[in-house]
Amino acid sequence: MWLAARQVILKVPLFLLGLWMLLAPVQCSQGHPSWRYVSSEVVIPRKETHLGKGVQVPGWLSYSLRFGGQKHVIHMRRKKLLWPRHMLVTTQDDQGALQMDYPYIPPDCYYLGYLEEIPLSMVTIDTCYGGLEGIMKLDDLAYEIRPLKDSHRFEHVVSQIVAESNATGPMFRPGHKEETDLFSSAADLSEEPRLSSRLYSAHAGTLRGQVQCSRSIYLLFNNITKCAKYAISMFSLVDSFFQVLRIKYYIYILTIYDRADPVAINDRRVPGSPIHNYFLQTFFRTIHPDSSVFLEKTGLHEANFEPVARSLCNERSLVFTTQFGRHYFLLAIIAANQIGRSFGLDYDAENMCECQRRTSCIMFRFPGLTDAFSNCSFVHTQNIYNQRTSCIYHENIVYLNKSITETRCGNLEVDPAEQCDCGSFKQCYSNPCCKSDCRFTPGSVCDKGTCCTNCSYAASGTLCRAIHSVCDLPEYCLGSTAACPDDLYMQDGTPCTQEGFCYKGNCTDRTLHCRELFGAHALDADQACYGINTGTFRFGHCRRVAESREFLSCENIDKMCGRLQCMNVTHLPRLQEHVSFHQTLIEGFTCFGLDEHRGTETTDAGRVKNGAPCAPGKFCSNTYCNGSVTAMNYDCFPDKCNRRGICNNKRNCHCHIGWEPPLCRNPGAGGSADGGHPPKKVRSVTQSQESVFYVRVVFGRIYALIGALLFGVATNVRTIKTVKVTEAPKPEQE
């Protein structure tokens with residue numbers, strides 16, 4: 001009996017020790033804030049059908065589940081998180097040297113969504129490992145959902161997360177003073193516009209981020225796959241945060257130091273520290289990430305160092321985040337704050353800035369459990385003109401695994417020694433012209449191309465590229481290749497209207513351009529309207545700095561080559577989405593024009609076309625009025641093509657239908673020696689014997705009828721002549 005009691009007594013401290021070890025990861029280090037779960041519920045998500053306006057919407061996932069005392073429905077859509085094609089992962093070999101690898105990490109299981117009937121809620125979840133795992137944000141409440149281990153009923157645990165008020169702060173050093181710049185001055189905070197933080201249209205950008213996990217972070221899991229999963233879950237939240245600013249965060253490269261930290265990491269100076277020098281030499285100068293976040297388990301708090309402001313895309317874009325046992329949701333908030341600082345976002349003035357339905361914002365000095373940027377952050381985003389951040393506004397995909405890009409059959413590109421390339425086995429199965437070994441099937445000579453029909457070349461004269469403007473020319477298949485001839489157009493300088501000529505395939509008549517935009521009655525505006533182009537805003541300028549929002553004004557001589565200005569507009573134009581027009585009264589003229597800025601993601605139809613006349617003998621060339629009409633050397637006079645054709649951009653004749661190229665002297669099919677010719681059509685009339693037979697029958701019957709009538713008439717006349725008429729004698733009168 002005593003032995004049994006002793007065993008129970010020994011089990012109690014062992015149980016408490018095990019419980020303490022289990023809860024240790026969720027407790028912060030001494031002297032740092034902590035977080036905890038205040039409630040946990042076991043739920044079974046039920047899959048629902050996502051309906052948009054009563055119609056099932058493809059590409060969405062919906063689940064219903066009950067937590068927090070009520071039923072909720074999650075709607076979410078797949079998002080791209082990993083850099084297209086393959087995310088690069090670097091680890092260390094036995095000697096501690098970096099090695100590049102491309103392990104399989106699920107690329108298409110990350111979702112961003114919302115909770116039904118809860119405005120501005122956010123759901124960031126992944127389904128990569130057989131369940132729903134992520135964060136749900138409802139106003140100021142934060143919930144974590146994760147699969148219940150070893151459950152056979154799709155059970156999940158939903159836990160509410162709370163944190164102390166200083167769990168994510170302070171995010172600045174004592175005595176910190178915000179840098180003053182032209183657009184975000186501390187003196188102007190009272191003048192900050194109260195923009196709707198989620199309804200304001202920002203400019204779309206793409207941020208390629210590097211995530212570095214120190215040796216201490218790796219030891220939390222002692223497994224590369226689990227460490228990678230942890231980092232990806234964290235930065236999936238960072239991506240969701242930045243998407244509100246129309247900035248897409250991609251994990252471009254993931255580095256895990258699984259053997260040892262490459263250099264001393266206790267120095268956080270940027271530039272000048274060993275870890276920054278290592279980042280500069282190893283990663284920035286070779287792979288060029290836009291931003292790099294270094295994760296460490298313990299070390300300096302965020303208050304002890306400051307990210308370099310407006311350093312995104314340059315060699316000082318390295319920032320640090322320390323775990324201190326904090327939840328990965330808190331770390332994602334800290335990382336977003338640090339990246340925002342390097343992007344150029346200022347700290348929010350808590351009495352001036354606000355984020356919808358949240359008491360704290362990401363750029364607060366003490367952010368708290370939040371997922372929202374403030375209205376001030378939206379203004380700062382709009383006002384970032386710094387060219388050093390322009391890299392986030394283009395997407396140059398660099399595929400680092402060179403071995404995969406070498407010549408191989410199945411990449412849908414016809415490489416040397418290949419006749420065709422139909423792609424995967426499944427694609428080749430449905431391709432009747434090309435086999436999976438990149439050879440043509442028997443009897444085939446082509447498998448793709450505008451001049452390939454039923455695995456053979458299209459007949460000579462088949463139209464393969466129609467005209468798209470008055471200055472364009474058609475192209476025809478040659479009958480000996482699957483490719484269409486080069487795109488041809490009328491020679492530069494060919495008149496297309498009374499006031500315009502052809503230039504690079506377009507008619508440069510401004511009135512014609514205005515009618516394309518504003519309708520059939522629109523006219524080119526008076527020169528007074530073009531004075532708007534001496535400004536520096538989206539409706540009036542000459543050019544924009546590449547990948548930036550900064551506009552450059554026109555010199556007075558170039559003002560006719562900036563934004564197109566029209567008048568006599570009688571109805572509102574049908575424009576592309578996100579395109580605006582202006583109506584301005586200038587010197588008594590009502591002027592109309594379209595805007596242009598980086599966020600439109602549409603074709604800029606409102607700029608003056610190259611080649612448009614801008615001064616006597618001059619035309620516009622890349623927004624400058626410096627093109628010379630004389631330098632075009634237009635030599636296509638009517639006699640060159642015998643008045644039966646026009647010249648193309650190769651200065652050869654394109655003959656009218658009915659005349660033979662190249663000089664259009666003799667009868668022929670038309671076209672040109674460069675772009676092919678239309679089919680030769682010869683009219684022939686083949687007499688139908690059947691119709692002749694019926695005509696003969698009809699006329700035979702007509703003749704027979706006429707003959708019968710004539711015979712009848714003749715017979716009747718003869719009978720009349722043979723009749724004797726005798727007259728009775730008159731009686732004598734007495």
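For all residues, glycine too, the Cβ spot is worked out from N, Cα and C.
Here is what TrEMBL says about this protein:
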- Cys464-Cys484: disulfide bond (DISULFID)
- Cys655-Cys664: disulfide bond (DISULFID)
- 222-397: domain 'Peptidase M12B' (DOMAIN)
- 406-492: domain 'Disintegrin' (DOMAIN)
- 632-665: domain 'EGF-like' (DOMAIN)
- 1-28: signal peptide (SIGNAL)
- 693-714: transmembrane segment (TRANSMEM)
- Ten-angstrom check, please: count other Cβ atoms within 10 Å of the Cβ of Cys655 (disulfide bond), all chains counted. 26
- Item | Inter-residue Cα distance where the pair is Cys655 (disulfide bond) and Cys464 (disulfide bond), in Å | 18
- Message: What are the sequence-distant neighbours of Cys664 (disulfide bond), meaning same chain, six or more residues apart, C-beta distance under 8 angstroms?
- Response: Cys641, Asn642, Arg644, Gly645, Cys653, Cys655, His656
- Averaged over the domain 'Peptidase M12B' (222-397), what pLDDT does the prediction give? 85
- Item | Under 8 Å by Cβ from Cys484 (disulfide bond), same chain, sequence gap 6 or more | Gly449, Thr450, Cys451, Cys464, Arg465, Glu475, Cys477
- Taking DSSP states H, G and I as helix and E and B as strand, how many residues of the domain 'Disintegrin' (406-492) are helix, strand and coil? 5 helix, 14 strand, 68 coil
- Query: Tell me, by DSSP, whether Cys655 (disulfide bond) is helix, strand or coil?
  - Reply: strand
- Task: For the domain 'EGF-like' (632-665), jot down how many residues DSSP puts in helix, in strand and in coil.
- Result: 5 helix, 8 strand, 21 coil
- Note on the structure: Students should find that the Cβ of Cys464 (disulfide bond) has, within 10 Å, a number of other Cβ atoms equal to 21
